[in-house]
Amino acid sequence: MSQIADRIISDPGLENGVAGLTTEKIQKVVNRMLEGETGAKLKAYRETCMRCGLCSQACHFYVSHDNDPSYSPVNKATETMYELMDKKGKVEPQRIYEMAQMAYTECNLCKRCAHYCPVGIDTGYIMSMVRRICYLLDVVPQYIRDTAHSHASTMNQMWVKDDEWIDSLQWQEDEARDEFPGLRIPLDKEGADVYYSVIAPEPKFRTQLIYQAAAIMNAAGIDWTMPSEPGWDNSDMCMFVGDFENMGRLKRAHYESAQKLRVKRIVMGECGHAFRSVYDMGNRWLGHKKMPVPVIHAVEFYHELMTQGKLKITHKYEKPVTIQDPCNIIRGKGLMDKLRDVVHFLCEEVVEMTPNREHNYCCCAGGGVINCGPPFKNTRMTGNRIKADQLRATGVKDVVIPCHNCHGGLEDIIGYYDLGMHGKFIGDIIYELMEKPEM
Amino acid sequence: MTEIYTFVSGPLAWVAFGIFIIGSIYRLVSMYALAKAKDGSSLAYMSLPFGLRSILNWMIPFNTMGWKGDPLMTVATFVFHIGFLVVAVFLGAHVVLWDTNFGISIPSLPDVAGDIVSFAVIAACAIFAYRRIALPHVKGVTRGKDWFALIIVALPFITGVLAYHQVGPVLLMTILHVLAAELLLALIPFTRLSHALFVLFTRAYMGSEFGGVRNARDW
C-alpha cells in the first residue's frame, strides 16, 4: 500500500498555504467548520461507514493503480475527514497538505462509489467538505485557486473582460454569417424562449462551439438569446475549490441575468460540472429546491430538437463512435437514455463502453482535478488507466463526449496512452451533418 | 453463582434493555434535531418511495454493483444479519425468555436449526475478521473501534454455542453469554454498531438523491 506522503507533488498554492498554518489555527478552522457548517449527514456517514472496503472497486484511481488501497474511497475519507473528526482538527500542517492533495487531485467527486456502498455513504460529499476545510485554511492548488479568483473578480472563469465577451459573440456572428447568411446571435433579447449559457473557456479558446451553437439555433428556428452582461458563464470552479460563498454569487448572477431578460428557460452548453453547479450544488446553497429559472442541459435540448423534428441532418455520421457518459449529467441527472437517443439519431454505429450509463468510469478530469493544472497531470494519467483500457476495447476512433471536462480529460488520456482516438462534442457532429446553404 | 445468574438475567437485563432503548431513542432524536438544524438542503429531498426503492434493492443479495463485486462479503453480510436476527428472536431459549419476561409467545426455531444458524453467524464474523486482516483495502482502514465492534457482536454467539454444547461449566458459560448479550445491547447506540440505527436513513437519503434528483440508480 502506498501512502499519500510518498507521492507529494510540489504546488505553490499548497506549499504557501501550508507555510502559513499552525496546528492551533488548523484546529480552530476545522472545528468551526465542522460545528458551523456540517451536521447530521457527515456525522451519520462517519458512524455508519463500516470500513468494509466495498467502495474500493468503484474508484478508477484504485483500479488503475493495481488496486492500491491508498486510493480507495473509504481510505481517502478515513485519511482526511474521519481523521480530522477523530482528532478534532489536531493535525500537523503537513498533514493538511496531504489531505488537500488527496481531496483536490485524487478524487473526481464522480460519486461512482455510491453504487458500491451498501450503507449509502456519499464519499463525494465527504471529499467536498474536506476541500471546504482546505479552502478555509487557504491550502488550495494554485491553478484552480487562480480560476476561482477569476470567478470572484470577473464572474467568469477565464478573466474574460465584459467587452471581450461581447466582441467574441459578435465576431462569431460575423464569421457565421459568411456561411449562414442572416444568422444572428441575439444579445439581451427580452422574453426569448431560450437563454443560452456557456462556460468561459468557450469564448476563450473553443469559440467554434459558440459558432456551431448559433448555427444549430438558427437552423432549428429557436427564439434564443445570449446575455451581454456577467452571468453568462455557467461554470463554477469555486464549487470545486470549496469557496461556497462565491459559488453562491456565481449561481445567483447566472439565474438573475436570465430572470432580468425574462427568458422562458436556460439551455446550457455541453458541460457537466457547470450543470452540477446549477442543478445540484449552487442552487441548494442559494436555498432553491427547484430552479428559479428552468434549466436544461444541451443533451436534453438536442433531444427535444430531435423529437420535435427540428434537428435536421443530411446524412448520418458514418464512422462508428463510442459514448462517454459524463458523471454530472448521467449520475447527476439521468440523461443516459436521451444521450443515446441523440447519438443514435446522428450516427450509424455506436459501440458501447463497458461499464457505461450510470456505472461509467469517470474521465478523471472532473471535480476540478484537471483545473489543478500541469503539476497534477500525471495524477490524472496514471489514475485513469482503466478508462484507456475501456476506450481501447471499443476499437473505434471517435468518442462522443458531451462535457468539457470529459473532453479535456479524455483527449489527455488518448494522447498519453496513444489510443489514436478523437473526442467530439455532439454540437461538432450536428454541425458537420446539418444542411448548409450552397456557397 | 446462581445469585450472579439471577442478577445478570434479572436487573442487569433491564438495565441493558433500558440503555439500548433509551440510548437508541436519544441518538436518533438528537441526530434528527441536528439534521433539521444543519442539513435542510438534504432533508428537503428525502423521499419515501425512492428511499424504500433503494433499501429494497440493497436487501437483495447480488442485486447491486457492490454485492456483485465481492461475493464472499455479500454472503457473509446476509448470513450474519439474517442469522443475528433469527437467533436473537427465535432461538428456543430466547422464545422462553420472551414468554416468561414479557408474556409474548412466538414460534421457536428447532434447536438444531438454531445451532446451525449460530455457527453460520460465527463463521460470518470470522470472514469479517479475515477481511480485516488479509485484504489490504480493508486492513488499511481498520481501526481499534472496528475490531471492538466485531468482538462484542461475536461474543454472545461464541458463549451461546459453548453454553449450549456444554463446553466448560454450563452455568458460568450461560452467565457469560447473558453478560455478552447485555454488553452488546447496551453498546449498540454508542459504538460502530450504531449503523443498525442509522443505516436506514443514510441508505434512504442516497436513494432519495439518486431517485428524485439524479434520476439514476444507486445500486
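Any Cβ shown, glycine's included, is placed from N, Cα and C.
Note that the structure is a prediction, hence the values are computed from the model and not measured.
The list of residues near the transmembrane segment (B:12-35) in space but at least 6 beyond its ends in sequence, with Cβ under 8 angstroms from a Cβ of it, reads 42-43, 101, 178-179, 181-183, 185-186, 188-190, 194, 197-198, 201. Residues annotated as transmembrane segment in TrEMBL: B:12-35 (among others).
Under the heading transmembrane segment, TrEMBL lists B:41-60 (among others). Cβ atoms under 8 Å from those of the transmembrane segment (B:41-60) belong to residues 35, 66-67, 200, 203-213, 217-219 of the same chain, restricted to positions at least 6 beyond its ends.
Positions annotated as transmembrane segment by TrEMBL: B:72-96 (among others). Using a Cβ-Cβ cut-off under 8 Å and counting only residues 6 or more beyond its ends in the same chain, the transmembrane segment (B:72-96) has close neighbours at 61-62, 105-111, 114, 117-118, 120-121, 123-125, 127-128, 131, 153, 157, 160, 164.
Residues 72-73, 76-77, 79-80, 83-84, 86-87, 91, 109, 142, 146-147, 150, 153-154, 157-158, 160-161, 164 of the same chain lie 6+ residues outside the transmembrane segment (B:116-135) yet bring a C-beta within less than 8 angstroms of a C-beta in it. Marked as transmembrane segment by TrEMBL: B:116-135 (among others).
The feature transmembrane segment is assigned by TrEMBL to B:147-164 (among others).
Here TrEMBL flags B:170-190 (among others) as transmembrane segment.
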Other parts of the chain folded back onto the transmembrane segment (B:170-190), taken as Cβ under 8 Å at six or more residues beyond its ends | 1-2, 4-5, 8-9, 12-13, 15-17, 19-20, 23-24, 26-27, 152-153, 155-156, 158-160, 162-163, 196-197
